[in-house]
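Take a look at the structure below.
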Amino acid sequence: MINSIIKTIDLGDGRTITLETGKLAKQADGAIVLRMNNTMILATVCVAKDTNPCVDFLPLQVEYKEKFSAFGRFPGGFTKREGRASDYEILTCRLIDRTLRPLFPRDYHSEVFVNIILFSSDGEDIPDALAGLAASAALSVSTIPFNGPISEVRVARIDGKFKINPTFGELAKADMDIMVGATADNIMMVEGEMNEVSEEEMLEAIKAAHEAIKPQCKAQIELARIVGTTIKNTYSHEVNDEELRSDIKTKLYDKVYAVAKSGQCKNKRIEAFQTIIEEYKKQFKEKELSEEKIFLIKRYYYEIEKEVMRRCILDENIRIDGRKTTEIRPIWSEVNPITGPHGSAIFTRGETQALATVTLGTKLNEKIIDDVLINDKERFLLHYNFPPFATGEARAQRGIGRREIGHGNLAHRALKPIIPNNYPYVIRVVSDILESNGSSSMATVCAGTLSLMDAGVQIKRPVSGIAMGLIFEKEGSKYAILSDILGDEDHLGDMDFKVAGTKKGITATQMDIKIDGLSYEVLERALSQAKQGREYILDKMLETIPEPRTDLKPHTPKIEIIIIPKEFIGSVIGPGGKIIQRLQEETGTTITIEEIEKMGRIEIFGDNKKSIDAALTRIKGIVSVPEVGEIYEGKIRSIMPYGAFIEFLPGKEGLLHISEISWKHLESIEEAGLNEGDFIKIKLVDIDSKTGKFKLSHKILLPHSEKYTAIRREQHEKI
């Protein structure tokens, strides 16, 4: 017998969300079916029974999958089944993971698998925020230790008003699109893109999202109470040796403090820290250094590193590289360091370095997005690569990971608002991280801006980005906001807050908070300090190239755009694409055509102006209307016994009958001396009103003396 429990959440705008448990996937540790309108999501959570004692992190894995059948579609490809995760699915996984992960107990190390599947959709409601709610609800109805619940909502600003969880259609009209993940009390995660908005406007949006999240969290608590899972499983995943912990702190604290205050570069600091721990291990005999003991030494040593770094910042305002809290690392940049791409730039900030290149292409280079709910074409692409050598790792690079997709997406969202509207080229920016010690995604934003300017793309305004950090004293009220954080400050700190924008406002942001109880006052201060930092970085960038180049690079493909009446689109394409293919072959150009707003938009790409002009002339000929009485120079396309077919305008052919070639009577077409490919002047003498066929004449253009001679000759021959 099915004993399902349902909880309904009223969104306050006529929409409701239902959470149901006890009906589907009952063998999972927790399972929730979420429904809103025609959207149905199943979220399950399972935990491994055994735990590895030598693991000091949470092995959490979040998977989000959209079924093509959810929208009544067949998957593509030969197998006709879902394949690897799309970028959208990966980004959704990351949004959920980043909100859930900080809320598991720090000493909980069991493998946890969260699986979310979209089983039904009407194509209107956006499922990613609902997936976060479903995942949290599945954890809430399980006995897995979890300090939630959380929920996620999307907040969009449309015509000056905030809309929670807008539809795809509504989101297209928004100038602000932010995903927020939070508990009832605290913001945990923020990510979004904006059209150059102020810090105050962004904070208002976050507050609006948080208010919408609170009742969703309350509903999950009530659901857990009904199910009976408010009391979570007890666990003991860490074995501790307090005597060893005390010994390490007593002997190593001052040494670690000295290294932390020395302000060394990353590699030297790592070597110095490693030397300290290796020296400490020498006091033990080899047989005493079991795997478990080495593991504990590393863990306790890490605790000291974290405490020392935090105390240096909070007590002395000194960071591990010697900077003050608001200080930005040294910056240098260069444009056009490599000449092959259509634009390139290097941006270096401290020990983080990005090389960005720009390639300008045709409409044929558009990225086709064929996801379950999103069918679109992308004209601005940004790809982010993070090779192992960027951090000095000796390993092979095995494809693109989730992290690279996530970082690339953030940089893409930061730059997209400043790309010119209706820009004729498809743009691809590639960022290769050559060195990394904190905030390589924001270095990508800066390098990407410089490379676009070097390529001659007339961006609306240049963008810079910065990563902010936070050190918060739990026992007191002291905190420090850090500008331009290092990798260690990200790892050991309490917040990673990336902000990108122009002088006018913010274009993208991403925030992950690792602690509870962060006030809006602290967020406001962090945003204000971030603004100062990114404006400083932007000024440094503009010293290298103050504005976009006025001209494209010489080897950039040339482009010409022509708008034609809709009814001529078929004439330009021709039957089976015959006309447009011939145009491209004969002129050496690439031609694309599409219908936009009941007009035909033709883009002609070529390596030089001469080839583009040739194609343009031919197209203008195709779309021009032939007029009776006009004289044209046509090309002989084919010769028949009864005459020749002449193309007198591109795509327009007519018959030059044998009787219209010469005033002289021709017994056969061969007497005319015509050859395929020859050019001949003709006059359009008539257009058949029924068939639309063109009647051509060449003899009518011949001198009258030839006509008189031909007539006399014919009369003489009759005598």
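From the backbone N, Cα and C atoms, a Cβ is placed for every residue, glycine too.
Pulled from Swiss-Prot, these are the features on record:
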type	residues	note
BINDING	Asp490, Asp496	Mg(2+) binding site
DOMAIN	557-619	domain 'KH'
DOMAIN	629-699	domain 'S1 motif'
**Q.** Surrounding CB atoms that lie within 10 Å of the CB of Asp496 (Mg(2+) binding site), all protein chains
**A.** 21
Q. Does DSSP put Asp496 (Mg(2+) binding site) in a helix, in a strand, or in coil?
A. strand
Q | Counts by DSSP class (helix H/G/I, strand E/B, coil) across the domain 'S1 motif' (629-699) | A | 8 helix, 36 strand, 27 coil
Q) What kind of secondary structure is Asp490 (Mg(2+) binding site) part of, going by DSSP in three states? A) helix
Q: Tell me, roughly as an integer, the mean pLDDT over the domain 'S1 motif' (629-699).
A: 88
**Q.** Residue counts (helix, strand, coil, in that order) that DSSP gives for the domain 'KH' (557-619)
**A.** 32 helix, 23 strand, 8 coil
